[in-house]
């Protein structure tokens, strides 16, 4: 019980207002510091690659650039505030800091799921509906990306203005949705978030990648030129990277979703403290593994990273074919003013 938590001088004692000991808080703080530094550096490298090599600045990769910004946002704000509170033994930034911290984490998380949905739609239109995909303009992509940011902002602001609320969790070192107060406001907010930012995006992603996988299988069973084979291989690389990112994102946010659903339909007091800290740690983890996915699953991005480290001014990118499926994204239909 939080009211029974006491503050002793020994390093293994419980911190005031927390269910964790000083030692446990210190271990978590060390993890957050290392993860935060790793995340910031790796995502800065990602942005540097896109800045240096214009060959990679396609509308699809514009979504990846925005994902990198969301990762940097969590890493530069969420990690330091949480780590400082863990070192302190309890939340140290007051009520206003709690609202800012929790709001920004929800904001960047919701934006990320929106951007991953945009990636899935892009893969579907590029591979399975090329006639439609070719007609998409830069403004179309910008509108979808902006929609993801606006959606994230809406759900982040709602607890601040009264629909549900933000509060420190039982560990006392992080702020999140106040799931210990499972009133009607919390339940309605949580269920709407799950429907709008989990069930609907997953349905869209499943539909898109189901049809993309069918298109890729049909290609594999057909005869084609070496030139077209290279184009399809590039598209398959991007699709593989996208699917891995989505699966890892779901893995990262699943503990948080479980905690919220448990609080909605069960007794919040029975949620284990370990689950309370694992949920936000898992949710933040996507910030540093996304760059690893880019490198591991996308050959062109991997070559670009190596080229940047070797200080090569240009990236050798083969000319794509002019067949409908793989029209280069740089030749999208002109933006209509």
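Including glycine, each Cβ sits where the backbone N, Cα and C put it.
As recorded in Swiss-Prot:
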{"type": "TOPO_DOM", "residues": "1-26", "note": "topological domain 'Extracellular'"}
{"type": "CARBOHYD", "residues": "9", "note": "N-linked glycosylation site"}
{"type": "TRANSMEM", "residues": "27-49", "note": "transmembrane segment"}
{"type": "TOPO_DOM", "residues": "50-61", "note": "topological domain 'Cytoplasmic'"}
{"type": "TRANSMEM", "residues": "62-87", "note": "transmembrane segment"}
{"type": "TOPO_DOM", "residues": "88-101", "note": "topological domain 'Extracellular'"}
{"type": "DISULFID", "residues": "98-175", "note": "disulfide bond"}
{"type": "TRANSMEM", "residues": "102-121", "note": "transmembrane segment"}
{"type": "TOPO_DOM", "residues": "122-140", "note": "topological domain 'Cytoplasmic'"}
{"type": "TRANSMEM", "residues": "141-164", "note": "transmembrane segment"}
{"type": "TOPO_DOM", "residues": "165-188", "note": "topological domain 'Extracellular'"}
{"type": "CARBOHYD", "residues": "182", "note": "N-linked glycosylation site"}
{"type": "TRANSMEM", "residues": "189-212", "note": "transmembrane segment"}
{"type": "TOPO_DOM", "residues": "213-240", "note": "topological domain 'Cytoplasmic'"}
{"type": "TRANSMEM", "residues": "241-264", "note": "transmembrane segment"}
{"type": "TOPO_DOM", "residues": "265-272", "note": "topological domain 'Extracellular'"}
{"type": "TRANSMEM", "residues": "273-297", "note": "transmembrane segment"}
{"type": "MOD_RES", "residues": "284", "note": "N6-(retinylidene)lysine"}
{"type": "TOPO_DOM", "residues": "298-337", "note": "topological domain 'Cytoplasmic'"}
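A mean pLDDT of 82 is what the model gives for the topological domain 'Cytoplasmic' (50-61).
Separating the Cα atoms of residue 175 (disulfide bond) and the residue listed as 'N6-(retinylidene)lysine' is a whole-number distance of 13 Å. DSSP places the residues of the topological domain 'Cytoplasmic' (122-140) in helix, strand and coil in these numbers: 15 helix, 0 strand, 4 coil. Taking a C-beta cut-off of under 8 angstroms and a sequence separation of 6 or more, the residue listed as 'N6-(retinylidene)lysine' has the following same-chain neighbours: 32, 35, 74, 78, 79, 105, 252. Of the two recorded stretches, the transmembrane segment (102-121) does not lie close to the transmembrane segment (27-49), with fewer than three CB pairs under 8 Å once pairs fewer than 6 apart in sequence are set aside. Stretch with the largest number of CB pairs closer than 8 A to the transmembrane segment (62-87), among 27-49, 189-212, 273-297: 27-49. Here the transmembrane segment (27-49) sits against the transmembrane segment (273-297); at least 3 CB pairs are under 8 Å, leaving out pairs fewer than 6 apart in sequence. Residue 98 (disulfide bond) sits 19 Å from residue 182 (N-linked glycosylation site), taking the Cα positions as reference. Remark: of the disulfide-bonded residues 98, 175, the most isolated position is 98 (fewest other Cβ atoms within 10 Å of its Cβ). Contact counts against the transmembrane segment (273-297), taken as Cβ pairs under 8 Å, peak for 241-264 among the stretches 141-164, 189-212, 241-264.
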